[in-house]
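Going by TrEMBL, these are the annotated features:
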{"type": "DOMAIN", "residues": "25-167", "note": "domain 'Lactate/malate dehydrogenase N-terminal'"}
{"type": "BINDING", "residues": "30, 31, 32, 33, 34, 35, 36, 56, 116, 139, 140, 141, 249", "note": "NAD(+) binding site"}
{"type": "BINDING", "residues": "103, 109, 141, 175", "note": "substrate binding site"}
{"type": "DOMAIN", "residues": "169-331", "note": "domain 'Lactate/malate dehydrogenase C-terminal'"}
{"type": "ACT_SITE", "residues": "198", "note": "active site, proton acceptor"}
């Protein structure tokens, strides 16, 4: 029996195991930023990665020089500015995109749209041209819109493969595991699937599917669910204008990349949730547990059996999800 999701404690340590095929070439676009730097550090620390290509519009030579002194096997090279982007992407197996502006207090993820939509469209256009076969992992918010943008850009270039484009929602799972564990158990053992999207009420933690099984009275369940949905805002407020979730997002991003590379290397039974093209609901994109394989998504495992409380959340998320997706698709169609 497969565990529904990768066990969180093993998630980063898997990156510290060695196999014969640990030769992933990974690019981080937005490597000098608040997420990009700690994410690049975690990737450099993993023997799964043989080459790390770091791209940004400022400071990448310094970040790359700094990381290149670490005594692990991944070679590190920094690339600066649009003219160096094609070389950065050449031959990459996985591209992770945390580029963009962070949320500030009072902002929703949707408020980031205008700036980040252009950044994602520009970067994914370069990916479609220079590494069309790579796995594309989008962290840049709003993910509910940036994934449809990425898909439309790849379609325009005639290289679209929905099995290889992922909206990284892993931080929602990491938070759900942590908050449930605070109330019930050891975080290393807790695994909660989180479905839907990656903003506010579209984030739907399936606590009824938690392993090990947990029970909460309804009022506590509602409070816990609300905390998972608004956890990003919790960090934005606590940082008081100095940014959004960067360290926990870097951890979650690295966990997703390690799972993906493990699966690409032939490891069986690797399952992670991600926001992807989907036929599981009436929303054209939806996050559910995915069985990962050598070519990306091997099988969408769907929503499974959920509680009436969770069914209601799915129904209530639909209009917001569809609107965010449409907004992304419209933007991409008009993007030159």
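Along the chain as shown, residues are numbered 1 onward.
A Cβ is built for glycine as well, from the same backbone N, Cα and C atoms used for every other residue.
Residue 141 (substrate binding site) is surrounded by 28 other CB atoms, counting those within 10 A of its CB over all protein chains shown. Per DSSP, the secondary structure of the domain 'Lactate/malate dehydrogenase N-terminal' (25-167) breaks down as 65 helix, 30 strand, 48 coil. Checked against residue 30 (NAD(+) binding site), the recorded positions 103, 109, 141, 175, 198 differ in C-alpha distance, with 141 being the nearest.
In this structure the C-alpha atoms belonging to residue 141 (substrate binding site) and residue 116 (NAD(+) binding site) are separated by 7 Å. There are 22 other Cβ atoms within 10 Å of the Cβ belonging to residue 32 (NAD(+) binding site). Of the listed binding-site residues, namely 116, 140, the sparsest Cβ surroundings within 10 Å are found at 116. For residue 249 (NAD(+) binding site), the nearest neighbour among the listed recorded positions (103, 109, 175, 198), judged by C-alpha distance, is 175. Each residue contributes its Cα atom, and for residue 32 (NAD(+) binding site) and residue 175 (substrate binding site) these two points are 25 Å apart.
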